[in-house]
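**Student:** Okay, here's the structure, questions in a sec.
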Amino acid sequence: MGFDYAIVHVKYTIPPAVLLTLLYRPLFTKLDAFKVLFLVTVAVTATIPWDSYLIRTNIWSYPDHVVIGPTLLDIPLEEVFFFFIQTYNTTLLYLILSKPTFQPAYLRAGRPTASSPWKYQKLAGQLFLVGATVWAGLRVHENAKGTYTGLIVVWAAPIILLQWTLAYQFILGLPWTNTVLPIAIPTLYLWLVDTLALRRGTWVISPGTKYGVHLWDGLEIEEALFFFVTNTLIVFGQLAFDNALAVLYTFPALFPKPPSMPTPLDLINALWVSPYKYDRARLAGLQDAVLRLKRKSRSFYLASATFPGPLRSDLLLLYSFCRVADDLVDNAATAEEAKEWISKLHQYLDLVYSDAKSSTVSEDFVQAHFPSDARSALLQLPAHKLPRQPLQDLLHGFEMDLAFNTSSPIKTETDLRLYSERVAGTVAQMCIELIFRLYPSNMTSGEERKVVDAGNQMGMALQYVNIARDISVDAHIGRVYLPLDWLQESGLTYDEVLISPEGARMESLRMRLLEKAFSIYDGARGAIETLPVEARGPIRVAVESYMEIGRTLRQKGYTVRAGRATVSKWRRVIVAWRTLNKSIA
């Protein structure tokens, strides 16, 4: 009896588990818990018979003086715990590293007429894994130096073959931070741990079953292979799981009402869907939306990673529509062209919300009247989940922007509130509408209306922060969004601000606007607590990530630099993590 193996866990496997749990705790969802439980169960039950065979055939052994004593099918309990803790740690690391990635954007629809390399890559992987399995079987049959290596490969390769066959596109298509990194980090770490354990004799490989080759002093090649293969199994299992979820939640035509907690049968059905059946137009819309969000709003892109899958898709598509509509108007060469774009957008909404018109009519209108890079955003707008009025009001906000060509439309604080409500409050309102559509609550319609109205107010607060940050940027394009009566009270004229948007008086006005923003924010944030639990934390992140810009601007001595982010990426990440932690406290 001894505690050497138990001490390995105390020193090297449990501390990472605690750290990863604390890091991911604010983001942990019921679906994540299901993933972890599912993968741990599969990993432990699949490994126990294999490891038991190794021990009973003396390929692998644990000296009596290094283990406490209790066993399961001849496997020391410390080893059984290792199966659990390795899977848990690698799974959590994968969840952390993959969280920022909007994975459905990496699905690829098949084209019957295209000579895609995907099928050849799939076949190459299958042939390699089948060949490895055959080679491993021969090594086991020989019962010589390659026996342990053969047993590792003949056990793992068929499972990896199944994972590859079902999810090869996802495995090949996702960023390396979702695939290579979650395999490499725990593998390297366990190589170091194993080096220490083998040197101390915590576990022993029978000399006649190994090649005697070391990756480095203290790490035998078989052990290096074992940790690489097992971490690959875990991560590929996660990728197959997420591939299935992406299909379930991305294509409403294929899965009109996907369950929030899918069964294994749901996952298998999703993985068996041919890529030729994927909705290419919807995929293109999501891919375009992700690119726009990355370029235009880093704060919201960070916040979007915290939203559940189906809601995240709808929010991305909504943002994409709003962004494209805004760009069409802002980038117009003349005021007349901008008015034409607004008119066309009004016509598009008429078609979309008209009961008498088919979707084909609106699609034909978009194809005929909008540039190619704007079409997917319009056609993929989840209009069937949204009321028309907020979208109409958004266009009225663009019309207020055009009024700057003649005179400022923002003469009083009332005008400022109206403008902010139209261009930002409406967007926040639509976000809340989508949340209630996806996650029905027990509220009455009146109570839901109050929450939607509070969302509108919160959007106004965020727009105030945006205006406060961009005073100089806006002045350079000939616009001042501060009320004219505020300027008069400070002894300034509109033209003076256009020429010189800096100085003590302008800083005073910036602080005044921020005070208003935080006052509105304080009045509206209580409504967030009544949102469905699935969206409550993510909405907090979206709000706090932006309000952190306001807090930064209010810091004494802070200098605004036009065109530069006021909050660093890491500070936004910390704000998001703290916000989510508070939401579960």
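Cβ coordinates are placed from backbone N, Cα and C, and glycine is handled just like the others.
Okay, so Swiss-Prot annotates it like this:
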REGION    1-243  region 'Lycopene beta-cyclase'
REGION    250-585  region 'Phytoene synthase'
TRANSMEM  3-23  transmembrane segment
TRANSMEM  35-55  transmembrane segment
TRANSMEM  75-97  transmembrane segment
TRANSMEM  123-141  transmembrane segment
TRANSMEM  151-171  transmembrane segment
TRANSMEM  173-193  transmembrane segment
TRANSMEM  221-241  transmembrane segment
**Student:** By a Cβ-Cβ criterion of under 8 Å, what residues six or more beyond either terminus of the transmembrane segment (35-55) are in contact with it?
**Tutor:** 61-62, 72-75, 79-80, 83-84, 86-88, 91-92, 95, 148, 151, 155, 159, 230, 233-234, 237-238, 241, 264
**Student:** Given a Cβ distance threshold of under 8 angstroms, which distant residues of the chain, six or more beyond its ends, lie next to the transmembrane segment (173-193)?
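**Tutor:** For the transmembrane segment (173-193), the far contacts come to 8, 12-13, 16, 86, 89-90, 93-94, 97-98, 101, 103, 106-108, 215, 219, 223-224, 227-228, 231-232, 235, 238-239.
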**Student:** What is the pLDDT of the region 'Lycopene beta-cyclase' (1-243) when averaged and given as a whole number?
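**Tutor:** Computed over the region 'Lycopene beta-cyclase' (1-243), the mean pLDDT is 89 on the 0 to 100 scale.
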